[in-house]
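Q: Checked Swiss-Prot, it gives:
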- D164: active site, proton acceptor (ACT_SITE)
- L44, N45, A46, G47, A48, Q49, G50, T51, V52, K67: ATP binding site (BINDING)
- 38-338: domain 'Protein kinase' (DOMAIN)
- S198: phosphoserine (MOD_RES)
- Y200: phosphotyrosine (MOD_RES)
Amino acid sequence: MEVDLPVHNEYDASRFHQVTIRDPIAGADSTFTIPTRYVNLSFLNAGAQGTVVMADDLVTTQRVAIKKMQQPFVMTMSAKRAYREFILLTTIKHPNIIRLLNAFTPDTSLSTFREVYLVMELMTHNLHEVIHRLRLDHKTLSFFVYQSLCAIKHLHNSGVIHRDLKPSNIVVNDRCVLKVLDFGLARKKNVDTSMRMSDYVVTRYYRAPEVILGLPYSEKVDIWSVGCIFAEMINHTVLFPGKDRIDQWTKIYSVLGTPDDHFISQLGQSAAMYVRSLPRHQARAFSEIVPDTNFLPETENPRVHLTPHVARDLLFNMLKINPEERYSVEDALNHPYVKLWFKDDEVNAPASENRYDQEIDFADKTLIEWKELIFNEVQRYQADHDIFTG
């Protein structure tokens, strides 16, 4: 539904208009105050971080996605996430990372500032929808994993760990081009990760063992997440569907087996005692975890290593409980199952400039201070870009 509403006096009515969009899932309305270049809005999806619509851009004549950040200034945590996502989207650039086309606020002063909008390239589906609607052939499985790895390699080279990879944060189009989005939980690689991550609320199913058990973590948490997503693409079900943190660990070790003493010795005292108190499990064979019957046999191509056996070998090395034994992103990109797609300009693209200040993750800022930081960044973006006709 598209309805023009009276424009708030704070907005420039010659440049902005208001459109109310109905969320058919939640049964709620959301009002978008956007430049007049964007018309024909329709609901795309909604989540904890915001509402996303499709729109026509009259300037570029392209269809775009517009995300209205969901109440970014209600809590400190949501404001921090909004700031982090805004900075990273404006700086990280790679073919497999969603591209920011425009960003703006209709609010003209800090005192009235309450809305932030991000305009991005439109992708037709998220990976969650694809996984649960289609059986994917080997070529598509391989291509999706390759592109996911290219995206996280670029993030890692740019000093960023995504930390929240999951099917709903990955989008694809009808040409099977894949892009990663949602950087609200991303963090710089070289911060102190030995402390517990108070704001690390990545979807539990894709959470690495070292995070669950309170160990320091590295960029290999992203490899674990891609491995879980890869298995889900094959099986069409979540690999480790834990009900809570403890059950998540139970699901993992009951499939992959009890870790060795070297790994357990690295845990804190209480975590080590807990892990040792559990019944020991032998690892299940990966031929049981992702059986041949879950692949499309007619799409195998042994000449380029597109077989269940080779796919399982990649998965086996991505889903190591001990991150020291787990594949790096470079290891994974050189694996036969995905190497057929290797393009140097995709795999080794120059690192993006990263203006995100790692120290700000630990800064004790008030909600008003976070709001001012975001306002200043949006104003900077608007000063550097023509948001109305550029």
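Even glycines carry a Cβ here, placed using N, Cα and C.
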Q: Would you list the other residues of this chain near ATP - those whose C-beta lies within 8 angstroms of the C-beta centroid of L44, N45, A46, G47, A48, Q49, G50, T51, V52, K67 - in sequence order?
A: K68, Q70
Q: How many Å lie between the Cα of D164 (active site, proton acceptor) and the Cα of A46 (ATP binding site)?
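A: Answer for this pair: 17 Å between alpha carbons.
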Q: Where the record says L44, N45, A46, G47, A48, Q49, G50, T51, V52, K67 bind ATP, what is the longest distance in Å from one Cα to another among those residues?
A: 14
Q: Using DSSP and three states only, what is A46 (ATP binding site)?
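A: The three-state answer is strand.
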Q: Between L44, A46, A48, V52, which of the binding-site residues has its C-beta surrounded by the fewest other C-beta atoms within 10 Å?
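A: Among the binding-site residues L44, A46, A48, V52, the lowest count of other Cβ atoms within 10 Å belongs to A48.
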Q: Once the chains shown are all counted, how many other Cβ atoms turn up within 10 Å of the Cβ of G50 (ATP binding site)?
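A: Neighbour count, Cβ to Cβ under the 10 Å cut-off: 22.
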